[in-house]
Amino acid sequence: MAGLAPEGSQFDARQYDAKMTELLGTEQEEFFTSYDEVYDSFDAMGLQENLLRGIYAYGFEKPSAIQQRGIVPFCKGLDVIQQAQSGTGKTATFCSGVLQQLDYSLVECQALVLAPTRELAQQIEKVMRALGDYLGVKVHACVGGTSVREDQRILQSGVHVVVGTPGRVFDMLRRQSLRPDHIKMFVLDEADEMLSRGFKDQIYDIFQLLPPKIQVGVFSATMPPEALEITRKFMSKPVRILVKRDDVTLEGIKQFYVNVDKEEWKLETLCDLYETLAITQSVIFVNTRRKVDWLTDKMRSRDHTVSATHGDMDQNTRDIIMREFRSGSSRVLITTDLLARGIDVQQVSLVINYDLPTQPENYLHRIGRSGRFGRKGVAINFVTKDDERMLFDIQKFYNVVIEELPANVADLL
């Protein structure tokens, strides 16, 4: 799993603007729609109740920068170009926009999402299905290397959303197994990657088969000229949303992963670690409030002194718990991402990601604190089979290598 992490593509806003000016000349002002509203909570976005339930159940508590600016314009039916590194929560941005606008009483394909690889398409399908869990959404991934007949059967039985790779999607449209008549949203994810893999012609071919009035969303880490060309051809007055990466570093923090075969075995792994290590103070991150309570009970029943905070507690209670943790009267704090940015505790030498974060950018906010004030720190990530993709994405996003936990971990703390 660990191995050299690929270089993250850096984004240069000046270069982008220069290319835009070259391509659009004086039309640039008219080409974009300006949209400056920022929503700092999901509740403020006017989303359906059952979509909000899905978002919170998935483990999101507070929208990331791109979600704060990108979900609402997409929900309003505007064309959007969103430029952000992978891992900034862009998948959930367009999934929320799509799920908000579907007519669930019509079991026809209303949204088509294209991705460059099979793995990414399947990952998007998973997120779409999880966020739409309480809405009863029907999603299907059309990707190469799977049974054509099975695809045809599922499409004919009716789905709301198709996520897929260009080759298989075009094939399904050509065979008329995927009927485009009701498609009203078209999303290109990792557009730069799709174009660099030579899918340009196929994307154009697919677009020709879609209804003329369609909402288009383009999501990409970089904007090569070909991507701009696509935006010109397919989009009308798109909203441009640009999110830069945080300038926080992971320097001085040693990062490891532990393979855990099953979710149920994480607890044993955690207790083993606490028995073998002399830890001054540590923070354990999980993805849901319910899990905070569950893990706190389990740890206490095994005689570990732990405190816990999460978003359901009132501010006063959270402040008291944080004071106790800072003063050292409790050594282990169990919490969720909501509080990741606010834990300024100098003695924290170890951060454990009991659950990997749901988006790579939160990884930094979680573990970036264990090396605060120049102190060295250690981060240990529990990784099940289902987490391997996220671990890879985190390594790619930060251009780091996360090694397997060595036997002599006690010497590092």
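The backbone N, Cα and C atoms fix where each Cβ goes, glycine too.
Segment annotation: Swiss-Prot labels motif 'DEAD box' over residues 189-192 (candidates 145-148, 189-192, 313-316).
Looking at 40-68, 214-242, 272-300, the range tied to motif 'Q motif' in Swiss-Prot is 40-68.
On the 0 to 100 pLDDT scale, the model's mean across the motif 'DEAD box' (189-192) is 86.
DSSP places the residues of the motif 'DEAD box' (189-192) in helix, strand and coil in these numbers: 2 helix, 0 strand, 2 coil.
For Thr91 (ATP binding site), applying a Cβ distance below 8 Å and a minimum sequence separation of six or more within one chain yields Gln123, Ile124, Val127, Asp189.
Using a 10 Å radius centred on the Cβ of Gly89 (ATP binding site) and all shown protein chains, the other Cβ atoms total 24.
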